[in-house]
Amino acid sequence: MSRRYDTIKHLGEGQFANVYLAQDLESGECVAIKKIKLGSREEAKDGINRTAIREIKLLKEIHHDNIIGLRDVIGHRTSIQLVFDFMDTDLEHVIKDKEIILMPAHIKNITMQMLLGLEFLHVHWILHRDLKPNNLLMNKMGRVKLTDFGLARFFGSPNRNYTHQVVTRWYRAPELLFGARSYGVGIDIWSVGCIIAELLLRNPIFPGESDIDQLVKIFNILGCPTPETWPNMTEMNSYVIIKPQTEYMALNYYFSAAPQDLLDLMAGMWTFDPIKRLTCTQSLQMEYFRTQPFCCLDEELPLPKKQQPQKRSRRLDDDGTRPVRRLNFD
């Protein structure tokens, strides 16, 4: 590694990379260094995996509080190391930690941060295409950041087709499961709806074992779309007729503790017709974000105990009250 960074420990290993915790000797800050493994001849370009090239290209162009920051790129012959903001945990660990109680204000804060980061991507014509809890990182100050842009793509070119084999199956929109090759921001919004549901249930809402089983699980809960509710459904490459195995029940049957304004938001994110599905901007304007309880402070978001930061003093607004994360609708 570069002499600027002092490696502290190995954090984990993925299919294409090893990740290390290191200290930036110039700033004194902790960083995460992703050391890219050499790709095979078929999947690599000039010895470097294409997903790494795509991630570098995208992250060098975008900067937002809710998107992981790429601080440095270190190249050496055919290896490459990406230096990122260090984050303490991810949303998957938070969801799975049974000692953590996620209050409505916590869920609203996480949802808003997700949408703000994703809205920034979509405004800049970028699809993430792999949103799921472990691709949402959190630091000890409660900042949520989107990460892992290996499947991300620019979109918007007329008649451009993409692969439908994107997004982890449990978070995959039905148009992808039906083989759509032309799609837009709706695939990311569908994933956000699945993540919100997982925050509420503490388990995946649609844990399909195959693409067909995934559709069955979706239709069992949301009902079956019709040509009237989803006009182009039957024209998709992999369309098959699927009948729900259970009687349709309203969302409040599955989320009995959720307020109606949150159910309305989720229903909009799970609209079958992607053209009618909510966008990030529309989602942020929903009644859910206008009503109490408002979002908690970022630093009040709970973390797994072993990563829990020391208690910090609460900040106060000028009038002596605690500030809250709210959107300005004026």
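Each Cβ is built from the backbone N, Cα and C atoms, and glycine gets one as well.
Record features, source Swiss-Prot:
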type: ACT_SITE; residues: Asp130; note: active site, proton acceptor
type: BINDING; residues: Leu11, Gly12, Glu13, Gly14, Gln15, Phe16, Ala17, Asn18, Val19, Lys34; note: ATP binding site
type: COMPBIAS; residues: 315-330; note: compositional bias 'Basic and acidic residues'
type: DOMAIN; residues: 5-289; note: domain 'Protein kinase'
type: MOD_RES; residues: Thr163; note: phosphothreonine
type: REGION; residues: 305-330; note: region 'Disordered'
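All features noted in Swiss-Prot, drawn onto the structure.
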residue	record	DSSP (3 states)
Leu11	ATP binding site	strand
Ala17	ATP binding site	strand
Asp130	active site, proton acceptor	coil
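In sequence order, Val19, Tyr20, Leu21, Ala32 are the residues near Leu11 (ATP binding site), counting only same-chain partners six or more apart with C-beta under 8 A. On the 0 to 100 pLDDT scale, the domain 'Protein kinase' (5-289) averages 90 in this prediction.
For Ala17 (ATP binding site), other Cβ atoms within 10 Å of its Cβ number 21. Cα spacing between Glu13 (ATP binding site) and Asp130 (active site, proton acceptor): 18 Å, rounded to the nearest whole number. When Cβ atoms from all protein chains are considered, those within 10 Å of Asp130 (active site, proton acceptor) total 21, not counting its own.
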